[in-house]
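Here is the structure we will look at, set down as structure tokens.
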Amino acid sequence: MPGKIVIVDYGMGNLRSVVNAFEYVGAKIKLSGNPTDIKRAKAIVVPGQGAFRDCMACLQQNHLAPALTEAVIKQKKPYLGICLGMQILGEKSFEGGEWAGLGWIKGRVKKIEPKGGLKVPHLGWNEIKIKRETNLWAGIADKTCFYFAHSFILIPQDAQVVIATSDYGGEFPVAIAKDNITAVQFHPEKSQQVGLSLISNFVKQAAQA
């Protein structure tokens, strides 16, 4: 178990595509909802689609939230959040009420309000604009397209943590990085070769941690 990347199974959604993508790039992974596995992991991935409230409830009920905080904030293990795994990093979400997040990144989650009559949710391919070069973007060009499926976004207080944006009736953050924490709003596991490149870059980062 030590040395593996743990993909966190908190009881929501089909994670097979994420597992397949990490295995495809040669990562040693374990799909687990066990707090002990999270604390012993080399790195941690939290993927997911669904409601913020339900995700946080699952993380709390299964004692995963404190395990994640122990591993990522205290032990400084590399973290990759995907879609909902990015949103829960914020302090609060206003999806169907007001709900507390993990609070690792100062900021709030709000519904996208695109101009020009664009539909919500934001579904399909869209290009990103790289705001800050990090190892995550190795071999990935500016204005590359990734696959999106979401209605809400995390707006960090500190614009310096935003490493990429996209535009859907208005510009919004789609990737953040702070210390050992990285997260993306799009789905690399559904973004074909460029998504695999991003996942491979994270795996390399994890190996060096």
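Indices start at 1 and increase along the chain as displayed.
Using the three backbone atoms N, Cα and C, a Cβ is placed for every residue, glycine included.
Automated prediction, rather than curation, is the source of TrEMBL annotations.
Annotation comment: TrEMBL describes 6-204 as domain 'Glutamine amidotransferase'. Taken from TrEMBL, the feature active site, nucleophile covers CYS83. Summarising the annotation, TrEMBL assigns active site to HIS187, GLU189.
Feature annotations (TrEMBL) mapped to structure.
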residue	record	Cβ neighbours (10 Å)
CYS83	active site, nucleophile	25
HIS187	active site	20
GLU189	active site	24
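Here the CA atom of GLU189 (active site) lies 11 Å from the CA atom of CYS83 (active site, nucleophile). DSSP assigns GLU189 (active site) to a helix. Under DSSP, the residue listed as 'active site, nucleophile' is assigned to coil, being neither helix nor strand in the three-state scheme. For the domain 'Glutamine amidotransferase' (6-204), the predicted model reports an average pLDDT of 96.
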